[in-house]
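Novice: Supplied in structure tokens, the structure appears directly below.
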Amino acid sequence: MTKTAYETVVAARSKDKVATADLINNIFSNFTEFHGDRQLNDDPSIVGGIAKLNGTPVTVIGTQKGKNTAENIERHFGMVEPEGYRKAIRLMKQAEKFKRPVITFVNTSGAYPGMDAEYHGQGSAIANSLLVGMELKVPYISVIVGEAGSGGALALATGDTVWMMENSIYSVLSPEGYASIVWKDSKRVMEAAEDLKLTPQILLEEGIIDKIVPEVVDQSSTQNLKNMLIAEVERLQRFSADELVEKRHERFSKF
Amino acid sequence: MQNKFSLPTQDEIVKRLKKIPEGLWRECPNCHEKFYYRRAGVYEVCPNCGYGARLGSRKRIKLFCDAFEEWDKALATDVHHLDENYKKKLAAGIKNTHVNESVLTGKARIGNYDFAVGVMDSRFIMGSLGQVTGQKLAHLFQEATKQHLPVILFTASGGARMQDGIHSLMQMAKVSDEVARHSEEGLLYISILTDPTTGGVTASFAMQGDIILSEPKTLIGFAGRRVIEQTINQKPPKDFQQAETLLKNGFLDDIVERKDLKAYLNNLLDLHSDK
Ligand SMILES: [Zn+2]
């Protein structure tokens, strides 16, 4: 039975939602995490590094929410700061240099709305992520795991292939934000969720995403996602760098 | 000896000022100083703090360009399946700006230099980034790449257009890619951030210029002040998203007053010309 839009929002935000760190550990081997943007800081809301996918070296980048309150505060509930986007850019450029495919896992309600984030150029950091992501000369797969809101999510979701997990949402702004702007009432989330057309089914129909990934809840569903990623990396690796960039261009041009 | 052309006394000035009808007074939205409208001059700048009033896109073209030929004039959102509220907003935007979308695009000239120009207009649904806005901007960069022209883009936007949903978000990626392609051809892109430049526009093409300029006292940011206040539970200082702060923090190349802008751009175009 299909969920309503609001039920999908709730499921996407569920405490039981698979964590990016678990996805990385269970799908890849030899994961080595790297830190820092080489300019100012290390943003713990972004986890990134290199690993092997079925023997192939890849760069993995994902937003990481906390598993408890303390960790959530440290990681800003997966809301990324400019330093996090700059770390992601650095790892993407590194992947390009060593011709490694890039896989991103997105679970963020948006970029972190803080004072330092503004002072440190949140807009500029996302803008540069988009430039780098759109022109990346290696295969790039983006998987939306839970929430994906606004430019803060898009910065990590300009893949050649964009997938969403069954219980995930993708929208221009959060349902709460939408409700408070449209009706000056952030509690009308249910209607907002409907209006925003944020479910994987609708976004698949609209061509915004390419596939819905069965929810990762156990070993076999993890293995399923792993198999999907292996096959997709193999498929994308058949294209030249120029072909990849051209196809990505076409993919986003049609929007 | 009594000079019959002597300056009026202070009392006389106050008396005369009181006679100026209400409608001729302007209040600066930045410093709240009230002034007689003519003092703002042709550039509509507050005589007290230098803040420039929000200008319409066609007026901006008149002020800063010597020639202009519009592109994609007829391109507009297909209102067929839209809800009444959105239709009304689009109609009001068109009426306010005499442009079919929140951006006006075309080919323009300053002095001897041709360039592709885009001007966003905050009076069109807050300069929001609609699907057609993105389409016009993407085409602007494509055409500039084809014709080997620099791009000068004035941004003004409240951010994404909610009514266009996820398609609004996709415009950020789409336009960014055209900026990248234009750049790869070795062509110049100057973005000029005008009040207000926020949200998804800041987080894409506004911040992607080779040279990023702004006007005095311009509001520039990604997240809205209210959202930030709610998140961090404190009030940021008044100037925290102001052009002057961004210049200090390293995110702008320069702040240019309107009266100097044309000459400033002429010089940049000259420095990048092939001649
Ligand atoms: Zn003023």
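Numbers run from 1 along the shown chain.
Just so you know, glycine gets a Cβ as well, placed from its N, Cα and C.
Pulled these features from TrEMBL for this protein:
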{"type": "DOMAIN", "residues": "B:24-275", "note": "domain 'CoA carboxyltransferase N-terminal'"}
{"type": "BINDING", "residues": "B:Cys28, B:Cys31, B:Cys46, B:Cys49", "note": "Zn(2+) binding site"}
Novice: Across all chains shown, how many C-beta atoms besides its own are within 10 angstroms of the C-beta of B:Cys31 (Zn(2+) binding site)?
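Specialist: Looking across every protein chain shown, the total is 12.
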Novice: List, in sequence order, the residues of the same chain other than B:Cys28, B:Cys31, B:Cys46, B:Cys49 whose Cβ lies within 8 Å of the centroid of the Cβ atoms of the recorded Zn(2+) site.
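Specialist: Nearby residues not in the site list: B:Pro29, B:Asn30, B:His32, B:Glu33, B:Pro47, B:Asn48, B:Gly50, B:Tyr51, B:Lys217.
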Novice: Among the binding-site residues B:Cys28, B:Cys46, B:Cys49, which residue has the fewest other Cβ atoms within 10 Å of its own Cβ?
Specialist: B:Cys49
Novice: Averaging the per-residue pLDDT over the domain 'CoA carboxyltransferase N-terminal' (B:24-275), what integer do you get?
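Specialist: 96, rounded to a whole number.
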